[in-house]
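Listed features, source TrEMBL:
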BINDING   Gly166, Arg167, Ser168, Ile235  NADP(+) binding site
DOMAIN    6-121  domain 'Tetrahydrofolate dehydrogenase/cyclohydrolase catalytic'
DOMAIN    140-284  domain 'Tetrahydrofolate dehydrogenase/cyclohydrolase NAD(P)-binding'
Amino acid sequence: MMARVIDGKTHAARERAELAQKVATFRRVVGYAPRLDVVLVGDHPASAVYVRNKEKAREQAGMEGRVHRLPAETAQHELAALVADLNHDPNVHGILVQLPLPAHLDAQAILEAIDPRKDVDGFHPENVGLLALGRPRFVPCTPLGVMRLLKAEGIATTGREAVVLGRSAIVGLPMSLLLAARGTGDATTTICHTATPDPRAVARRADLLIVAMGRAETVDADWIKPGAVVIDVGIHKRDDGRLVGDVVFESAARVATAITPVPGGVGPMTIAMLLNNTYEAARAALAHSGGVGLLASLSEEGCVST
Ligand SMILES: Nc1nc2c(c(=O)[nH]1)N[C@@H](CN(C=O)c1ccc(C(=O)N[C@@H](CCC(=O)O)C(=O)O)cc1)CN2
Ligand SMILES: [Mg+2]
């Protein structure tokens, strides 16, 4: 039997609609909306699309924000100065620097320059450390979106064997931390990477296989235990313009019990989670600035955490 296809677009639309209601209440009670500022350096074509999609989604959620478009030749100190300005602007609750940055820029230094309380990407070492310690503040949007998808689909992780293919800072590493975390994933979690001698053999042990290796259409039915759940985080554009993931969808769907497609699986959840993180950042800033009474009013109106 073919696997059930997990419809990320529908789940993301529901998340965004729920958030839009909370944002409307926030605006009414507090007097302003959460604000997300995005920084895009250069003209990477895919990044331009993602940033436009983020802008549209933000507007639909009723949030404030701005996209700061800088030329490809922007110097490190110029980008750092913009980040510092955004850090100091009390009206800005979330800051996102779109990756990848042009090669001459030190991306790690820029990510570390973002105020960790505005780091809605969850990439700052302080936020990575909090996640590793089981005290998450901002969790990277793609792995957070995967956890929300699993929950919404009723896919249990507790006590199950999870394998993550890939150890990137954006997906693989935080994904494995979430899956292993007490009370969050509680899965027996293994990470495979470029030095793993036989990743296919390890993948075949997985009840839950997360594929984030960044290699187009690599994982086929031979990598998958019959009945496993397969989550494909990869996204690649073929020469004919087709978008594909790291998984060979048709082959994998013959042995998996549930699978995410590309496009329309994990991708849409990434943007929904970014908006959720921005809402949380605005709530936390309000609490920090002494708005305890306003927070209580929000809670009374059902506006709790996302
Ligand atoms: N600062 C960041 N940079 C990057 C991140 C990130 O989380 N923070 N992630 C990726 C790109 N990304 C968001 O920025 C992203 C990628 C893909 C999608 C998405 O919705 N994909 C759709 C297809 C979209 C299309 O038609 O091209 C899908 O999979 O259905 C959203 C966000 C790297 N950089
Ligand atoms: Mg992401």
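Each residue, glycine too, has its Cβ placed from N, Cα and C.
A map of TrEMBL features onto the structure.
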residue : record               : contacts (Cβ under 8 Å, 6+ apart)
Gly166  : NADP(+) binding site : Gly172, Ile191, Cys192, His193, Ile210, Val211, Ala212, Met213, Gly214, Val233
Arg167  : NADP(+) binding site : Leu173, Ser176, Ile191, His193
Ser168  : NADP(+) binding site : Ala212, Gly214
Ile235  : NADP(+) binding site : Leu243, Val244, Gly245, Val262, Pro263, Gly267
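For ligand 1, the binding-site residues lying close by, meaning a CB under 6 A from one of its atoms, are Ile235; the full candidate list was Gly166, Arg167, Ser168, Ile235. For the NADP(+) site, whose binding residues are given in the record as Gly166, Arg167, Ser168, Ile235, the maximum C-alpha distance rounds to 16 Å. DSSP assignment over the domain 'Tetrahydrofolate dehydrogenase/cyclohydrolase catalytic' (6-121) gives 59 helix, 19 strand, 38 coil. Annotation note: Arg167 (NADP(+) binding site) sits in a coil segment as assigned by DSSP.
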